[in-house]
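Trainee: In case it helps, Swiss-Prot gives these features for our protein:
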BINDING   Cys29, Cys33, Cys36  [4Fe-4S] cluster binding site
BINDING   Tyr35, Cys36, His37, Gly78, Asp126, Ile127, Lys128, His199  S-adenosyl-L-methionine binding site
DOMAIN    15-236  domain 'Radical SAM core'
Amino acid sequence: MVMGRIHSIESMGLVDGPGIRTVVFFQGCGLRCSYCHNPDTWNMAGGKELTAEELLKKLLRFKPYFDRSGGGVTFSGGEVLLQPEFLIDILKLCKEQGIHTAIDTAGYGYGNYEEILKHTDLVLLDIKHVDDDGYKCITGKGKRGFDDFLKAVENIGVKVWIRHVIVPTLTDSKENIRKLANIIKNIRNVEKVELLPYHTLGINKYEKLNLDYKLRDIEAMDKEKRKKLEKYLKELLE
């Protein structure tokens, strides 16, 4: 029996997909994003072990809210693609119950991506950076792993919401936005694009975990500049 490691479960989520959602945070991540606000999800040995059936039982309590609001379950992390067998199991169980499924991912894991996506209604795709050097700078890994997942997304044709964090000096240039637009143009079924402002709310977690926060000297993203970049991106995508 495949066991999953779950960091936490958040009910009544309103921003991680359509409708009212329950967000299940998987434990473990292979990236070390400079601005990660959940470093407590990194360790694969953390969290609580559950079977897919045990997790489904918890999720079914919220099904009336899903049904009334057009919501469902979003599997986030950590990185959901690091537990591919468990993810497939729980996705299948949710679909059998008529629950809308979404995965919130950086596209960096392993396993049969296409099999995962066959049981996924929506992918919330976090594009960390637009080129290999930038990807390494932010995550510690190259962009190739992300590109492999993107191919699977294209092959299946699943619906996609794009997310990209705007970080001062790292991703806030017009050149970066132009490259981002070129990536998005080549993805089918993109329903929504969000430029998320970098914030510093997670710094206290690093202090508690005795971890170095690499972006300590970078201020939170200016809201007006983010809006201008969002407008620029929209113009490029029209």
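Just so you know, glycine gets a Cβ as well, placed from its N, Cα and C.
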Trainee: What are the non-local neighbours of Lys128 (S-adenosyl-L-methionine binding site), defined as same-chain residues 6+ apart in sequence with CB under 8 A from its CB?
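Mentor: Counting only residues 6 or more apart in sequence, the Cβ neighbours of Lys128 (S-adenosyl-L-methionine binding site) under 8 Å are Leu31, Cys33, Ala106, Gly134, Tyr135, Ile138, Thr139, Phe146, Val165.
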Trainee: Excluding Cys29, Cys33, Cys36 themselves, which residues in that chain have a Cβ inside 8 Å of the centre of the Cβ atoms defining the [4Fe-4S] cluster site?
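Mentor: For the [4Fe-4S] cluster site, the extra neighbours are Leu31, Arg32, Asn38, Pro39, Thr41, Trp42, Ala106, Thr139.
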Trainee: Within the domain 'Radical SAM core' (15-236), what mean pLDDT does the predicted structure show?
Mentor: 96
Trainee: Cβ-Cβ under 8 Å from Cys29 ([4Fe-4S] cluster binding site), same chain, 6 or more residues apart: which ones?
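Mentor: Sequence-distant Cβ neighbours: Cys36, Thr41, Trp42, Gly77, Gly78, Glu79, Leu82.
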Trainee: Far apart in sequence but close in space: which same-chain residues, 6 or more away, have a Cβ under 8 Å from Asp126 (S-adenosyl-L-methionine binding site)?
Mentor: Asp104, Thr105, Ala106, Gly107, Arg163, His164, Val165
Trainee: If you draw a 10 Å sphere around the Cβ of Ile127 (S-adenosyl-L-methionine binding site), how many other Cβ atoms fall inside it, taking every protein chain shown into account?
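Mentor: A count of 22.
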